[in-house]
Each structure stands twice: as C-alpha cells, then as structure tokens.
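Colleague: Would you mind keeping the following structure in view while I ask a few things?
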Amino acid sequence: EAGEECDCGAPANPCCDAATCKLRPGAQCAEGLCCDQCRFMKEGTICRMARGDDMDDYCNGISAGCPRNPFHA
C-alpha cells in the first residue's frame, strides 16, 4: 500500500517494523528472491534457475526483486 516499505502483516519479520510498515534501521529489504537477512544479495547471485531454453536470472545487488534476464523466453 502507499507509504509502506514492507508488508507489516508478519510481526515476526526481523526486517520490518510491524507497527509502522517501514524497514527497520539498517535493513535494505524485508522480502524478495534477492533479499537475505534484510540485505540485498550480491550482484550476480542466481535468483531463478533456467528452465528449458531460458537462461538463469541474477540479482543486481540494488533490489530485492529478481529481474528477468533480457533474453527471457
């Protein structure tokens, strides 16, 4: 929702303040295929394995999401 940095539905999430729906101090992310222990995973980390004729997708180091490779089938 607007103004939220993270999903405040899970009070046990160590990255997200459930009362404010904001990331806790020092946290870069709260969830996502490229988020590990509240930090963005290193650029080049595989976040989605290739299937069929597709290629692996990799974290970019600046986002919690797993960007699709430009050659996604």
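Any Cβ shown, glycine's included, is placed from N, Cα and C.
Pasting the feature list from Swiss-Prot:
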- 1-73: domain 'Disintegrin' (DOMAIN)
- C6-C15: disulfide bond (DISULFID)
- C8-C16: disulfide bond (DISULFID)
- C21-C35: disulfide bond (DISULFID)
- C29-C59: disulfide bond (DISULFID)
- C34-C38: disulfide bond (DISULFID)
- C47-C66: disulfide bond (DISULFID)
Colleague: Between C47 (disulfide bond) and C59 (disulfide bond), what C-alpha distance do you get in Å?
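Modeller: Each residue's Cα considered, C47 (disulfide bond) and C59 (disulfide bond) end up 6 Å apart.
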Colleague: Can you grab the distance from C21 (disulfide bond) over to C66 (disulfide bond)? Cα atoms, rounded to a whole Å.
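Modeller: Distance (Cα to Cα, whole Å): 22 Å.
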Colleague: Run through the domain 'Disintegrin' (1-73) and tell me, per DSSP, how many residues are helix, strand and coil.
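Modeller: With helix first, then strand, then coil, the domain 'Disintegrin' (1-73) has 0 helix, 13 strand, 60 coil.
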Colleague: Listed disulfide-bonded residues are C16, C29, C35; which of them have CA atoms within 10 A of the CA of C6 (disulfide bond)?
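Modeller: The disulfide-bonded residues passing the 10 Å Cα test are C16, C29.
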Colleague: Quick one: Cα separation, C38 (disulfide bond) versus C16 (disulfide bond), in Å?
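Modeller: One finds 9 Å between the Cα atoms of these residues.
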Colleague: List the same-chain residues at least 6 positions away in sequence whose Cβ sits under 8 Å from the Cβ of C15 (disulfide bond), in sequence order, or say none.
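Modeller: For C15 (disulfide bond), the qualifying residues are C6, L23, R24, A27, C29, A30, E31, C35, C38.
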Colleague: Quick one: average pLDDT across the domain 'Disintegrin' (1-73), no decimals.
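Modeller: PLDDT averaged over the stretch: 89.
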Colleague: With a 10 Å radius around each C-beta, find which of these disulfide-bonded residues (C6, C8, C29, C34, C59) has the fewest other C-beta atoms nearby.
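Modeller: Relative to the other disulfide-bonded residues in C6, C8, C29, C34, C59, C8 has the fewest Cβ atoms within 10 Å.
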Colleague: Which of the listed disulfide-bonded residues (C35, C38) has the least company, meaning the fewest other Cβ atoms within 10 Å of its Cβ?
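Modeller: Output over disulfide-bonded residues C35, C38: least Cβ neighbours within 10 Å is C38.
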